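K.L.:
Before we start, here is the structure in question, set down as structure tokens.
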Amino acid sequence: MLDLTPQSKKISIQIGGMTCQSCANRIEKVLNKKPFVQQAGVNFAAEEAQVVFDATQASEAQIIEIIHKTGFSAHIKQANELPIEENTSIPWRLIVLWIINIPFLIGMLGMIGGSHNLMLPPIWQFALASIVQLWLAIPFYRGAIGSIRGGLTNMDVLVSTGTLTIYLYSAFMLFYHANHAMGHVYFEASVMVIGFVSLGKFLEDRTKKHSLNSLSMLLQLTPKKVTVLRNEKWIEIALDQVNIGEIIRANQGERIAADGVIESGNGWCDESHLTGESRPEEKQKGGKVLAGAMVTEGSIIYRANQLGSQTLLGDMMNALSDAQGSKAPIARFADKVTSVFVPVVLVISLVTFALTYILTNDSVSSLIHAVSVLVIACPCALGLATPAAIMVGLGKAVNAGVWFKDAAAMEETAHVDTVVLDKTGTLTKGELEISALWQPQSAVYSEDDLYRFAAAVERQANHPIAKAIVQAAEXKMLEIPTALFSKMEVGQGIQAELEQVGTIKVGKPDYCGLILPKNLEDIWQIASIVAVSINDEPIGAFALTDTLKNDSLHAIQRLQQQNIDVVIMSGDQQSVVDYIAKQLGIKKAFGKLTPRDKAEQIQKLKDLGHIVAMVGDGINDAPALASANVSFAMKSSSDIAEQTASATLMQHSVNQLVDALFIARATLKNIKQNLFFALIYNILGIPLAAFGFLSPIIAGAAMALSSISVLMNALRLKKVRF
């Protein structure tokens, strides 16, 4: 793990001009050689670099200049900027290129049909091929020259070397052997290879944009204009003119523009893009609204508390952008292959030429075979295999309400075989409720009195048990008297004076002098008992329990169906933890654990070879979250828990954890498929080209299709159901 210093600064840089993974490797290598760069990673699919550097030794401008000198355009990525911008230079260049390709294509089809009359005269072929090589193919040459200057080779080197070689050979035959030129010029190959490769890059860029549409969808959730109250009048203004604290109105069909609190009105809001919850949520005065939510019914007037990047929506976009720009460990394999891929292909091409010439004594066939090898080899498919799937998978996760911190966290999640869950707030609601009440048979006071007296004392405290008792009394519409606070004994209870009643104690049974009756012993095993006494005479007791969340059982069943071991680790009484575990069908449950105990138990599981995911809620879960291979925090968790976690669950539901595991596994499977396709394509394609089974034109078309097929396979993740 990278050790950051106070001087460390992390920036995201948008890069233009990369044509394959070799380009990304080259930039990464150059940046990491600089002494002030602590870490640099370049994502070819997202066309983005993430750089951590010492801000006392270098500036952002210097980092950008380094990339410029490497031969690529670059700029600091702005907040909410999409990773890949439209490239308007591709369409017109592609149109002209394919207009030139048409006569060559007609001639090729004629030759297949046995007619040579449709072929252009050699001099016309030379003229059109020259336009392509000297003008339309300039981006390939520029990329190749820049790559060679940087000490590396990329796809541009292969394409430009192959097409230029066959173009120069054909020109030589035309001008020095004009009488035999018609049968020995291959201008159509140099033209059509550039055409197919350019078309493939265009389609590849479009497909990459589709793989990133989760980010663009989030960006589109923000309304362009909003209605605000100024000088007692409602006016419509641009969102960027809104100030924090202003009153905003959102009617049915409009989106919320800022995170805020409802001042008046009520309605229903669809927050599915933000939390993964498919059903609209009712909103009333005093409730919170989130930027990007759609008002499906009613009208809401709210006060803006956070705007832009400070909103939950802004956090989501920044988190998704950072994660999509990161690299998964499995990408290292592709990086290693692509770093040596082009040099190896160049050697294979030269060997192909030499062996073919030795065996056939035919320079033309030797040249065609060598060029076919250069053209069919495709490092792009390998380079796209991992990041394309990661970007789609991360977008899918965000739509399901799961934020992965980076690609590495998603990959590690795919390997999880054991899930450790905290009890309170994770499996249970974390809200204590009075489940039973006891009073002696000779009770002097009524049940309502018991509630009133207990609430009068507990109203002065601020812990979950106190809140549960006060809320229960208020729900019964009881008038709660005012007690004079006397003293609190930590871990025991509270004592207060109530006029005309006496000294009231509320707390543990022994603190109030209560010996538990036999009929309460069973409840004690699964509940917290709070006794009440007046003048040291017990008058009753409450049993408070934390109820299971409605979806906890379903979530545990889904985990077990995926052959994942489930373990509960809690600081609560062992009997209470066992009771919850029995309800959920969980065999392993540990109670009375301190935060350090939880971390040690997780380490023991890891030592046994398990890949452990921990799900927790609260500061006391932070050590355990840090100890696990992968950690998930609930969105309402403490800041410490969220900072420690590998991912965040937006719905506060274990079911979202199951969704995260499913998406991560599907993404890893997709990556392996992509790598297999890319490797098989090159393993089969290069020998076929070397032995003359593929012409340069077919090889160029196959090369273009290889990258597109990998991207299309990655896009299948969008349709995965769970």
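Think of each number as a place in line: the chain as shown, counted from 1.
Cβ from N, Cα, C; glycine included.
Checked Swiss-Prot, it gives:
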ACT_SITE  Asp422  active site, 4-aspartylphosphate intermediate
BINDING   Cys20, Cys23  metal cation binding site
BINDING   Asp617, Asp621  Mg(2+) binding site
DOMAIN    9-75  domain 'HMA'
TRANSMEM  94-114  transmembrane segment
TRANSMEM  118-138  transmembrane segment
TRANSMEM  157-177  transmembrane segment
TRANSMEM  180-200  transmembrane segment
TRANSMEM  340-360  transmembrane segment
TRANSMEM  373-393  transmembrane segment
TRANSMEM  523-543  transmembrane segment
TRANSMEM  608-628  transmembrane segment
TRANSMEM  675-695  transmembrane segment
TRANSMEM  697-717  transmembrane segment
K.L.:
Among 94-114, 373-393, 523-543, 675-695, 697-717, which stretch has the most Cβ pairs under 8 Å to the transmembrane segment (157-177)?
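P.N.:
Most contacts with the transmembrane segment (157-177): 373-393.
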K.L.:
What counts of helix, strand and coil residues does DSSP assign across the domain 'HMA' (9-75)?
P.N.:
23 helix, 25 strand, 19 coil
K.L.:
Relative to the Cβ position of Cys23 (metal cation binding site), how many further Cβ atoms are located within 10 Å?
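P.N.:
Looking across every protein chain shown, the total is 30.
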K.L.:
Could you check what DSSP calls Asp422 (active site, 4-aspartylphosphate intermediate) once collapsed to helix, strand or coil?
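P.N.:
Reduced to three states, the DSSP call for Asp422 (active site, 4-aspartylphosphate intermediate) is coil.
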K.L.:
In whole Å, how far is the residue listed as 'active site, 4-aspartylphosphate intermediate' from Cys20 (metal cation binding site) when you measure between their Cα atoms?
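P.N.:
Rounded to a whole number, the Cα-Cα distance is 45 Å.
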K.L.:
Any chance the transmembrane segment (373-393) and the transmembrane segment (697-717) have 3 or more Cβ pairs under 8 A, given the pairs are 6 or more apart in sequence?
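P.N.:
Since 3 or more Cβ pairs under 8 Å link them, the transmembrane segment (373-393) and the transmembrane segment (697-717) do come into contact.
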K.L.:
Rounded to the nearest angstrom, how far is the Cα of Cys23 (metal cation binding site) from the Cα of the residue listed as 'active site, 4-aspartylphosphate intermediate'?
P.N.:
46
K.L.:
Taking contact to mean three or more C-beta pairs under 8 angstroms, with sequence separation of 6 or more, is the transmembrane segment (340-360) in contact with the transmembrane segment (675-695)?
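P.N.:
Yes, the stretches contact each other.
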K.L.:
Using a Cβ cut-off under 8 Å, which residues of the same chain at least 6 positions beyond either end of the transmembrane segment (675-695) come close to it?
P.N.:
189, 330, 333-334, 345, 348, 352, 356, 365, 368-369, 372-373, 375-378, 381-382, 384-386, 702, 706, 709-710, 713
K.L.:
So if I exclude everything within five residues of the ends of the transmembrane segment (697-717), which remaining residues of that chain have a CB under 8 angstroms from its CBs? That is, six or more out.
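P.N.:
Beyond its ends, the transmembrane segment (697-717) has Cβ neighbours at 108, 188-189, 192-197, 199-201, 203-204, 207-208, 210-211, 372-373, 375-378, 380-381, 384-385, 388-389, 391-393, 396, 663, 666-667, 670, 673-674, 677-678, 681, 685, 689.
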K.L.:
Mind telling me which of the recorded positions Cys20, Asp422 has the densest Cβ neighbourhood, counting other Cβ atoms within 10 Å?
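P.N.:
When each Cβ's neighbours within 10 Å are tallied, Cys20 leads.
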